[in-house]
Amino acid sequence: MAIICNVYPPDGGRTKREVEDNPNADLGNSPMAWPATQKFRWTLENTVSGLDRATMEGAITRALDKWAEATKDTFKFTFAKSDAGTEPPPNMVISVVGPEGSDSDFAEGRDGSKVAAAARLGPAGATNTLDAETNTFQAPVKLNDSPTRPKWNPFMFHNCFLHEVGHSLGLGHTLTEGAVMGRSYQEGSKFFLEDVDLADDDKKRMTDYFTKKNKSSS
């Protein structure tokens, strides 16, 4: 069984026809980048089956620390947990489709593959400013705990979330074997057995993305 993700571009989900016309559309990065020094404020709305809140929040923190380290010389992103009622409100809301719910993003594949999560590619929403402090862009991540859910474990959750944040930051999929931003994780692979780090390919693509976006805006 494979675990796959459902990434969709800033202006909405890809249609079936668009996927058929361009099956490699998911390899492209977001056309719009977050401003450098963007401050992300995250919150976890609920838990998935088999994992408690402390386990999930610990995994989220470790994953975000890896992206902060990978962008320290480029975007200089920062990530902090946002407690309920704090201002400004969170801009990275991690939601869960629960056991009683259903979601077209989480349809099971004909081959038995499971969609574990879905994320928007790059900044989502409308805003009048790109200022890192005042923009209202969102970085939503949605987890599948519906009847089509995968069998979550702490390692797979960490690695899946690490992958989805890569999409939220602007990276598309890669065909490089072993990279976090690969299209799928095979059951029994390292992605189910241990916390993984960002691969050299993931880090290089983020650096190249930053360089390209800043050259185009200068």
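Residue positions begin at 1 at the first shown residue.
Backbone N, Cα and C define each Cβ position, glycine as well.
Just so you know, TrEMBL annotations never went through curation; they're auto-generated.
Feature annotation from TrEMBL assigns domain 'Peptidase metallopeptidase' to 30-212.
Annotation source TrEMBL lists Zn(2+) 1 binding site at Asp103. Following the DSSP three-state reduction, the secondary structure of Asp103 (Zn(2+) 1 binding site) is coil.
Annotation comment: TrEMBL describes Gly109 as Ca(2+) 3 binding site. Contacts of Gly109 (Ca(2+) 3 binding site) defined by a Cβ separation under 8 A and a same-chain sequence distance of 6+ are given as Ala2, Ile4, Val115, in order along the sequence.
All protein chains considered, the CB of Asp131 (Ca(2+) 2 binding site) has 11 other CB atoms within 10 Å. If you look up TrEMBL, you'll see Asp131 marked as Ca(2+) 2 binding site.
Under the heading Zn(2+) 2 binding site, TrEMBL lists His163, His167, His173, Met181. His163 (Zn(2+) 2 binding site) falls within a helical segment according to DSSP. Within its own chain, His163 (Zn(2+) 2 binding site) has Cys5, Ala117, Val180, Met181 as residues 6 or more apart in sequence whose C-beta sits under 8 angstroms from its own.
Marked as active site by TrEMBL: Glu164.
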Position of peak Cβ density within 10 Å, selected from the binding-site residues His167, His173: His167
Recorded positions: Asp103, Glu164, Met181 - member with fewest neighbouring CB atoms within 10 Å: Asp103
Candidate nearest Asp103 (Zn(2+) 1 binding site) in space, where candidates are the recorded positions Asp131, Glu164, His167, His173 and distance is Cα-Cα: Glu164
Cα separation, His173 (Zn(2+) 2 binding site) to Asp131 (Ca(2+) 2 binding site) (Å, whole number): 27
